[in-house]
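Enquirer: I have a structure I would like to understand better, so I am pasting it below and will then ask my questions one at a time.
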Amino acid sequence: MIKLKTAEEIDILRAGGKRLAAILHELKGLIRPGVTTGALETRARAVLAEGGDEASFLNYRPAGSRLSYPAALCVSVNEEIVHGIPGKRVLKEGDLVTIDLGLKHRGLYTDSAITVPVGKVSQEAQDLLRATALALAAGIEAAKVGNHLGDVGATVEAVARRAGLGVVTDLAGHGVGYAVHEDPFVPNYGRPGGAEKIKEGLVIAIEPMFTIGRPETKLEADGFTFTTLDRSLSCHFEHTVAITKQGVEILTE
């Protein structure tokens, strides 16, 4: 069931989203060749503690899973699409690294992700970054009162198709606020006018995930990391947005 948020709750989410955005901005500045994914995790935990907020992914157990996620941050590199567990992996020149963070502030949750180039990357990687970021912006613009979630998905998918990229369909955006993940399901594909109608008070995470190859995914042995089945490069951007009287508002920037 979709649970719409009040103006007061959106105020709290806005404050939490700004804190989350500041953390991702700081972590982005640390990304360079030679840095381990575990170092990003260490800094994320420290900044969260300094601000008095909680990492919503730490010890989170997805529905149907017997495993709890062991980190505050998801760090996914190259063929890793989402939910990469930070550790000893060393970032190299030319990598694409996605940092995805969930934050609990005053009892409410926000979620955001960015993909960052490590040093100089290939033209193919630059094109992938540009298209995925463009798709996020276009999807957010389509999230208007009176539109449907199918309009958001169709808009995101169209950007990928024009760029000749794969659209990951096994994973999607979602409602957020009272929980890490809640209704509705917000896929990166769809039919204009399809799925749920967008109403004032809706808070969702929109998160395009594109690949330069096939869109099929594989769940790795750690039980969390999803990779591209063909090991092709992937990219992921995400914002939490609220639908208000004034229009769609990005909460995580």
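Glycine too: its Cβ is placed from the backbone N, Cα and C atoms.
So TrEMBL says this about it:
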BINDING   His83, His181  substrate binding site
BINDING   Asp100, Asp111, Glu238  divalent metal cation 1 binding site
BINDING   Asp111, His174, Glu207, Glu238  divalent metal cation 2 binding site
DOMAIN    13-245  domain 'Peptidase M24'
Enquirer: I'd like to know which of the binding-site residues His83, Asp100, His181 sit within 10 A of His174 (divalent metal cation 2 binding site) at the Cα level.
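Expert: Near His174 (divalent metal cation 2 binding site), where near means Cα within 10 Å, the binding-site residues are His181.
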Enquirer: Take the mean position of the Cβ atoms of Asp100, Asp111, Glu238, the recorded divalent metal cation 1 site. Which other residues of that chain put their Cβ within 8 Å of it?
Expert: Cys74, Leu101, Gly102, Ser112, Ala113, Ala205, Glu207, His236, Thr240
Enquirer: I'd like to know which of the binding-site residues Glu207, Glu238 has the most other Cβ atoms within 10 Å of its Cβ.
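Expert: Counting every other Cβ within 10 Å of each candidate, the maximum falls on Glu207.
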Enquirer: Of all the binding-site residues given, Asp100, Asp111, which residue's CB has the most CB neighbours within 10 A?
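Expert: Sorting the candidates by Cβ neighbours within 10 Å, the top entry is Asp111.
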Enquirer: In Å, rounded, how far does the Cα of Glu238 (divalent metal cation 1 binding site) sit from the Cα of His83 (substrate binding site)?
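Expert: On Cα coordinates alone, these residues lie 13 Å apart.
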Enquirer: Measure from the Cβ of His83 (substrate binding site) and count the other Cβ atoms within 10 Å, all protein chains considered.
Expert: 23
Enquirer: List every residue in the same chain as His181 (substrate binding site), at least 6 positions away in sequence, whose Cβ is under 8 Å from its Cβ.
Expert: Pro62, His174, Gly175
Enquirer: To the nearest Å, how far is the Cα of Glu207 (divalent metal cation 2 binding site) from the Cα of Asp111 (divalent metal cation 1 binding site)?
Expert: 10
Enquirer: If you measure Asp100 (divalent metal cation 1 binding site) to His83 (substrate binding site) at Cα, how many Å is it?
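Expert: Per the Cα atoms, Asp100 (divalent metal cation 1 binding site) and His83 (substrate binding site) stand 8 Å apart.
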Enquirer: What is the average pLDDT across the domain 'Peptidase M24' (13-245)?
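Expert: Result for the domain 'Peptidase M24' (13-245): average pLDDT 97.
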Enquirer: Please report the Cα separation of Asp111 (divalent metal cation 1 binding site) and His83 (substrate binding site) in Å, rounded to an integer.
Expert: 13
Enquirer: Relative to the Cβ position of His174 (divalent metal cation 2 binding site), how many further Cβ atoms are located within 10 Å?
Expert: 19
